[in-house]
């Protein structure tokens, strides 16, 4: 049996009209890059929308065109896999503000020059508005499910809350209903690293050919630490030295963990735009679903038609289990059907992306309902 899905579409769609934004501005032209796998049923009722995380993209289950690596959730999406493309029409769209085909700060403004920092500040809800406009263009009125981990989980929650008729189910993995002070603090370190890079040039670096790669690499290094667990780092690296028997008494990457983080930072700059990193992290920091609905999280789900499944991981200290429990309590208060499971995995926040067999069973079971 084939394990790689057939790509039905890998396209960029221009939305038919302007997109109104939470900041009060509008984008007159919005392109949405997306991929789709499987076949849409005649009743158009088997669509599953997968929302990606901060540094993800729409290359969900197909090789990335820059890195050549498998899609970021290829282990989960495909024929016979938990998100089974023999049964479901699976869509993943690059978020608004990103840099892999959807409109963002690197896109051309009406004056023919890249937006840079002239691009409007966006929110998670703005991203979801673009997703819903894409679904409208594809003729999909109601999703079988919306699925997302991390920032993708925020989008899943936002879609279920703000477009209550558009999804029959929402599967939310390793997510939160609002960014905490600690979350915001880590993002601010990353943003300041980018803006302190002399190559950033107040965001107007596109024509120079000199991108703020050093700042972006440091931002990625800092963020990547939050995606891992202490036990995972200790087990994988400990205090082991990198390719040497003794310490150098210098500032090269003496330790394996240093070398690993440097590699993660440098390789990230090959596929991501620094300004997009600024805008997307700001959107995540602004996310507060309760604030959007009168200060009470339960209000966000009063009219939703979806059933929910919340999944957390015991080693995730970025969005710990308490965050998922808060969402579950709000769903209970709103009378929305919800199941919740905390899974044990050694990988920290990134557990939803990695080999966790128990997660496969949860996803399969929830989508089968």
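Along the chain as shown, residues are numbered 1 onward.
Note: Cβ is positioned from N, Cα and C throughout, glycine not excepted.
Values in this document were obtained by computation on a predicted structure and should not be read as measured data.
Here is what TrEMBL says about this protein:
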DOMAIN    47-354  domain 'AB hydrolase-1'
ACT_SITE  150  active site, nucleophile
BINDING   220, 350  substrate binding site
ACT_SITE  316  active site
ACT_SITE  349  active site
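A Cα-Cα distance of 4 Å separates residue 349 (active site) from residue 316 (active site).
Of all the recorded positions listed here (316, 350), it is 350 whose C-beta has the fewest other C-beta atoms within 10 angstroms.
Closest to residue 316 (active site) by Cα-Cα distance, out of the recorded positions 150, 220, 350, is 350. Annotation note: residue 150 (active site, nucleophile) sits in a coil segment as assigned by DSSP.
When pLDDT values are averaged over the domain 'AB hydrolase-1' (47-354), the model yields 97.
A C-beta separation below 8 Å, combined with a sequence spacing of at least six in one chain, links residue 150 (active site, nucleophile) to 53, 54, 173, 174, 175, 319, 349, 352.
Non-local neighbourhood of residue 220 (substrate binding site): 55, 190, 264, 265, 268, 269, 272, each in the same chain, at least six residues away, with C-beta under 8 Å from its C-beta. Within 10 Å of the Cβ of residue 349 (active site) there are 23 other Cβ atoms, across all protein chains. A helical conformation is recorded for residue 349 (active site) in the three-state DSSP classification. Reduced to three states, the DSSP call for residue 316 (active site) is coil.
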